[in-house]
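Engineer: Taken from Swiss-Prot, the feature region 'Domain I' applies to 1-63. Summarising the annotation, Swiss-Prot assigns region 'Domain II' to 64-142 and lists sequence analysis as the type of evidence. Annotation comment: Swiss-Prot describes 143-150 as region 'Flexible linker'. Taken from Swiss-Prot, the feature region 'Domain III' applies to 151-201, supported by sequence analysis.
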Amino acid sequence: MYEYLRGVITEVTPYYIVVDVNGVGYQVYVANPFKYEEDEHAEQKVFVYQAVRDNDISLYGFKNSSEKQLFLKLLDVSGIGPKSALAILANDDNRGLINAINSDDDGYLTKFPGIGKKTAKQIILDLKGKLSDVDSDMLTGQDNLDLDLNASSPYLKESLEALRALGYTKTEVKRISKKLEKYDGKSTDDYLRQGLRLLMS
């Protein structure tokens, strides 16, 4: 089972992206492919889920680990498959999705393709109160911690995400990000160690 792919995004289509990893092109279905247009021809880390059914093996991709986590939660719901879960995430308002589930708002859920009243109620029944471990700050389309890091090393991006996973707030991480951009790190660990030094100084 794959956790993520690191490679160059070589193609963006209306339904999927292609990630070239060491000369092998992986077709990855994503919720909103056009979010990846700015990353085309650049090396990126794409979190993935591999779905195997009958004679079909498909990869589904996500911008960050929290989006993938929410996808997996949706798969736990009876009647929700990978394509339905991806269609729900394509709405790009995952904070609203979580709020709707926790507030019994089945009307909000029925606006998604293929989600009727019965399935909406099932989503609420299965997931209400069970999404606290999903980091909603990373699910609002505000990838990379709302920081302008498009010109930075992918190692820097990963280190900032790791600092958030360690429990540091978005404000704390943002405070040191500019200093880290000037640091000549050679790996994610390099940036992570330097980030921890800055946070503890």
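Going from the start of the chain as shown, residues are counted 1 onward.
Every residue gets a Cβ built from N, Cα and C, even glycine.
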Engineer: Which residue counts does DSSP yield for the region 'Domain III' (151-201) in the helix, strand and coil classes, in that order?
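Structural biologist: Residue counts for the region 'Domain III' (151-201) by secondary structure: 37 helix, 0 strand, 14 coil.
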Engineer: DSSP says what for the region 'Domain II' (64-142): how many helix, strand, coil residues?
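Structural biologist: DSSP composition of the region 'Domain II' (64-142): 46 helix, 0 strand, 33 coil.
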